[in-house]
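Database features, via Swiss-Prot:
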- GLY195, GLY196, ALA197, GLY198, VAL199, GLY200, LYS201, THR202: ATP binding site (BINDING)
Amino acid sequence: MFKSGISAFARTARPSFAAASRRAVRPAALNLRAPALSRFASSAGVGDGKIYQVIGAVVDVKFDTDKLPPILNALETQNNGQKLVLEVSQHLGENVVRCIAMDGTEGLVRGAKASDTGAPITIPVGPATLGRIINVTGDPIDERGPIKTDKFRPIHAEAPEFVEQSTTAEILVTGIKVVDLLAPYARGGKIGLFGGAGVGKTVFIQELINNIAKAHGGYSVFTGVGERTREGNDLYHEMQETSVIQLDGDSKVALVFGQMNEPPGARARVALTGLTIAEYFRDEEGQDVLLFIDNIFRFTQAGSEVSALLGRIPSAVGYQPTLAVDMGQMQERITTTTKGSITSVQAVYVPADDLTDPAPATTFAHLDATTVLSRGISELGIYPAVDPLDSKSRMLDPRIVGQEHYETATRVQQILQEYKSLQDIIAILGMDELSEADKLTVERARKIQRFLSQPFTVAQVFTGIEGKLVDLKDTIASFKAILAGEGDDLPEGAFYMVGDFASARAKGEKILAELEGQA
């Protein structure tokens, strides 16, 4: 859908939108905070240059004057009749600037004119973006015409000052048992979903959209960074079916996509495009915004590709030397201020399941809660495949969640840790060599492990099991019941893919009745 959308829109409405965006560049600079104005925007364009060299996504532009466009300024040129945006990355000397293209450069020729816009990449923001799909440069790709707004913002900006920031300690209830009990999310915080390939990050983030964004009164921004176009397409149509996006009414979500078929320049900047839209709702409308990013690793990966294209010497494991700075500049903008908040949920691909890889390790430092998806748990058929011992949250504090919640969570983690330490003995000697107390620990731990599974609404078409949302009070009460031995008489299968303890008991009694009938 998106590919045809891009080409169809380019034939019809793109020229008019391009003209509108150019007209709006200078007024947009007036909306910037003072530090951002001085650092990221020049007061006026420096005129036209000419394409000097094209090497893949890297384009060199030569100007006739010593006055060159600043780093991060956007240049515009025409490629096969379509607007192509270039972002200035380096000054090479002899009036040449090196740029990264935000789209394919096939067909671009030397000598073509490139105009300085006088500002960074500038995108439409505000209510007009809701229900629309835009790309990294703010052009709509949903075949529904130009975005009609007079509000524009550059994608590069400073993080809010410390005096503007606010810290709150409020739980964001997701309805997912393992998260709400063991690694609860903070409203207005940053949440990371860590996992290797195929362990369920995107399904998990879609369930969070289903559980939180639909019940959430404010606006949401979903940013697809270097992921599958099919998933973005499915998400768009699913949101239409559930009225989160209403084509002729009020929508609650803006979608921003720079998918895996896009050049590295687009993938390295599209997260900033989504963040800029979320910042507008936070700063200008005082909203509590949900920002979903899938996948933040692709942001780092694209930065690594761009760094290599620019000829920088790579750092550890081949990543860009500016890895920590690139991540920090973006993450520091995702924060809660006195005006409003941004609650960010970020999927983080973990290369080769190695959490010490520099990309996920750099991301860890910025997060309030980390949900680690484990391949070992997914191989047991337990979904969501959240590792209850690796997942952490600063919100799991008795002063925030209360004593009952804290004690239940720590007891669950303790019994799972004891089971983990006993597994080697069981593998070598068998269950019979354990003491009675250890046998009871193992039995309860296995039931808890299965009870941490949960049927998802978004996976209902695949599993055939109706999705369950579990209230936090029911989650705590259910795990307390298992720890107290109230489920000792039930088989392990009773605790698999159910909601609360009452559902597990009903399922267990049904299983026992069937077994008695067979006997």
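Glycine is treated like the rest: Cβ placed from N, Cα and C.
Close to GLY196 (ATP binding site) in the fold, though at least 6 residues off in sequence, lie TYR349, VAL350, PRO351, ALA352, ASP353, LEU373, ARG375, each with a CB less than 8 Å from its CB. Classification of GLY195 (ATP binding site) by DSSP places it within a strand.
Long-range C-beta contacts of GLY198 (ATP binding site), restricted to its own chain and to partners at least six residues apart, with a cutoff below 8 Å, comprise SER378. Each of the binding-site residues GLY195, GLY200 was scored by the other Cβ atoms within 10 Å of its Cβ; the lowest score goes to GLY200. Compute the center of the Cβ atoms of GLY195, GLY196, ALA197, GLY198, VAL199, GLY200, LYS201, THR202, which mark the site for ATP; besides them, the chain residues with Cβ within 8 Å of that center are TYR349, LEU373, SER378, ALA385.
Cβ environment of LYS201 (ATP binding site): LEU193, GLY195, ASP294, ASN295, ALA347, VAL348, TYR349, LEU373 lie under 8 Å away, each six or more residues apart in the same chain.
Neighbour counts of Cβ atoms within 10 Å were compared across the binding-site residues ALA197, VAL199; the minimum falls on ALA197. Sequence-distant neighbours of THR202 (ATP binding site) (same chain, six or more apart, CB under 8 Å from its CB) are GLU227, GLU231, ASP294, ALA347, listed in sequence order.
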